[in-house]
Amino acid sequence: MSHIRVAFAPLDTNPSTCGLETFATQIETLSQMMTAEEMKAELYDCVRRILREQKFDQIRENEAMLRLYKVMGRSSTNLKGRGIYEQLFKKDHFTGSLKFYLQWAEECGKDQMLEEFKDVLKLARDRLSERIEMTAIESGFRDLVDEYFNGESGDMFTRPDETMDLFRFNAGSKKKRRSSVCFLQHNVPINNSGKAAFGPKTKTDLRQACIDRPNYHGISIEEFRFAKWKDTFGEDVDDDYRKRKDSGVVFVKHQVIDTDRQAREEVENRFNANLNPRRRHLSPVSEKTVDDEEEKRSRIYSPLVATKDAHRPALRSKIENPPATVTLSSDTKSASEKDVSDSDDADDDERLKIMTAGRKDGNPPDRSTSISSNYSTASARTSKSGAGLDLMAENKCLEAHAMFSDTVHLASEKTMVLGDDSVFVPERSLATTQIVTDFSVLCDPDPTMTITQERPKKVSNGLNVVYDEAAEPEESQKVEESEVQPEIVLVSPVTQTSPATMFNDIYDDEIEFGFFKPSRGNFVTSTPAQGVHLVNIDEYFGNKEEESTHEQEAPVFVAPTSSTFSKLTRRKSLAANQAVQPSVTESSKPERSDPKDSSIDCLTANLGRRLSIGADEIPNLTENNESEITGCKIRRRSEIIKQGDINPWDETLRKKLMCLVRPPQNMHEFQERAPKIQALRDCEVSGEKLHIQTLIGQGGYAKVYRAVTDDQRTVAVKYEVPSCSWEVYICDQMRNRLKDRGLELMAKCCIMEVMDAYVYSTASLLVNQYHEYGTLLEYANNMKDPNWHITCFLITQMARVVKEVHASKIIHGDIKPDNFMITRKIDDKWGKDALMSNDSFVIKIIDWGRAIDMMPLKNQRFKGRAGTEAFDCPEMVDGRSWTYQADYFGFAATMAVVVAGKYAQLTGASVGDYSLNVDIKRRNILRDACYDVINRFLNIPSCDSLPDWNILIKSFSEIWNEKFEASGWRQAVSKFNEACDLAANQK
């Protein structure tokens, strides 16, 4: 007797449902051990008996028989699986079974018969809709579509009774989590009046309606509170709600609190379990602001200890001997009353002799006995005013300020003519005052000296003069003066207008009220800047009327009467001033170069709202003889930047660029002080009241609050001190340039929009759109193991956005995870084509305070470091020229955070060896593509051979199209949306 006969014998003896299920299980096992021909002969005979003999009538249409028919379909050569189910349907067998239709549809899916699949789905709807919910019917068919038809359902699952849902009470949304409170309310009966006995806005006595009824145990207030807690934190409802609960027991108050505390701890533990326990929670990177408290305390009792910048380890394994320096600066002010009275030319000569004697043997002299009392700490310094009043000043020198300061390095020659670094600075009083300054708090751990000098009164910091003793004498560098140095010349727009037309234009009605009124406020952005001169708002936005009024009184620096100081250095103004400076002959006047070969092109016609300013009205940004520091190779102040390099974040340069266009219409300027902003307080700006709710973000230069306007709109308010206008300008230009290229949707969805900007004399308020789902940094912290679908989706969108930013001739300059906002959830209806769709953007790039406008700075190169920890590109580290490389490196570092969930450190020492120490799991499909991007973006040979964004986008698109799985995509979307909800709940 065969194995099939042996298995069928018990069922033949006692036909029952249990026996049929046992027989079906044995047949499924034997089908894997026997050939199709052996199985076909024996099994068909058994099934034939079940269909014909009367004793099997009770089990003939049992769903266990479908298991036998499924095995028969595998061995059938004529009917196959689909034919068997068609015959069963004709005989009206299993027409009320959902499993029957699913198995039938599965056979259609295996044969890729989509139309027959739809017919089976229609039959299932027609036969089962009266007994089974439509969502339950379609759920199984949806899985089959994902498995056999790659998720291309089209309108297959459009419910025929969608219109009826409009009239249903509380129909709910698909895939919505069950509410614990709703389950509890469902158990409460409805009273005779037809109103709910329990819930909001009801007056029913809870105990009488819910608890004290015969044969019913209702919910207690403790259970209701616990259910609401679980709803708040996304917990699923308990299925054992029908069990007996001690609802009538009244607990004391402290027991209720203990219960709530246990529930809170349980929920928090569950959420913490979703985070990756092997990595730390990432925090936003920011620029260093002030030295830490421990280091400041150490310098209080030991003033000669070098500052933090001097001890910072080099990012590359390279040994350099720093040159010995003597620093002369006007940035720090600290002196005693004795220094003011006793510092004269004789003391200066004596100090000069000591300094010179120290240089002869290469060692600086010991100053511990002579000037130890003149040192001040980094945290507080004393400055003598003209009236002899001691003023305590907080040290606001930031680390990044030291990298981008107006510092000029002198060679062995002690005199050097310096150019005026305040081209746009308004006229100041020419009166001089004696200031005794101490320089012990500068970065270089070298001996310093105190010197008395005369200089004009200025609110802003003056020019730093750093004497490099290891530098070559100036005479030896005169050979290089014959080389043509790049001169920055700004070519005006093609349309030229007369000065009269210009003055009429600036009072055009399109300009918001408040412009061109005197105001005294410093304009800086999130980019660190030291030595920022005082600029009023009229000059900042290009008001030439005020400038022409005083054009005969240009600011000058008068050389001090001290003969010793004149030996070291002197400074004169670039502007001609007959009252102070001696007349200059025609032969000695420097000639301006012809701007036809300028390295800076003019703004094109689509730059935006421009002012009519002639080229002859815009002075050069820098002169050939002016050296400027924009950074350093290993973060030392004494690094020399060659002539011709410019600081892309220089305020003078930024003002000049903003003079070429009209101010944005959403900019409002006031000359009074900015109002104070505090959480849970109302703030009124320009007649509009903002209800400040809470602080949602804070950086080194600004705070961001969530607020509600009078029309109940939730907005984000960025409060920055001092006031900043560059970010408003660059966002306006970025959006206009995208719109000019036909990318209106990207400009709306992906670029930060400043709804209103209020610029006061002391601070600025930027009102932006509020996004509750957080940033990519919060997403990386909330995701334990992100699915590659979401990672590929986000990386591709980031690349598409940054590509268009660069195509608009703008460098963002500060690309990092916390500068990408998540604007919305991913729609679960999006399919395979969502990757490259213009309607599926979910990220927006923000924080444009460090952006660089390259349209008027065509073919320019920059040197120096930005100062953002872990986001300085290799070109900044090496001291090489860079442009868009800053964004390429920021993109690679951001991609590493999204993929691996942690910050990556820069490794390598030369071009070709640079990489990021990011660990991407081997099972990650994007592993090779990510490593390739890191290698190409970190090892860029020069500014003329930048990587192509299209190659990156194409690479990730090919992986997406080849490996895409509809079911995996939906699961990834669900996790992404859960992370968005978690970020929204944390705010």
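Placed from the backbone N, Cα and C atoms, the Cβ positions cover glycine too.
Site annotation (Swiss-Prot, ligand ATP) includes Ile696, Gly697, Gln698, Gly699, Gly700, Tyr701, Ala702, Lys703, Val704; from Lys689, Lys718, the additional listed residue is Lys718. Within 10 Å of the Cβ of Ile696 (ATP binding site) there are 17 other Cβ atoms, across all protein chains. Taken over all pairs of the listed ATP-binding residues (Ile696, Gly697, Gln698, Gly699, Gly700, Tyr701, Ala702, Lys703, Val704, Lys718), the Cα spread reaches a maximum of 14 Å, rounded to the nearest whole number.
Within the same chain, the residues at least 6 positions away from Gln698 (ATP binding site) whose Cβ sits under 8 Å from its Cβ are Val704, listed in sequence order.
According to DSSP, Gln698 (ATP binding site) sits within a strand segment. Note on the domain 'Protein kinase' (690-987): mean pLDDT across this stretch is 92. Each residue contributes its Cα atom, and for Gly700 (ATP binding site) and Asp814 (active site, proton acceptor) these two points are 14 Å apart. Residue environment of Gly700 (ATP binding site) contains 16 other Cβ atoms, counted within 10 Å of its Cβ in all protein chains.
When the alpha carbons of Asp814 (active site, proton acceptor) and Ile696 (ATP binding site) are compared, the span between them is 20 angstrom.
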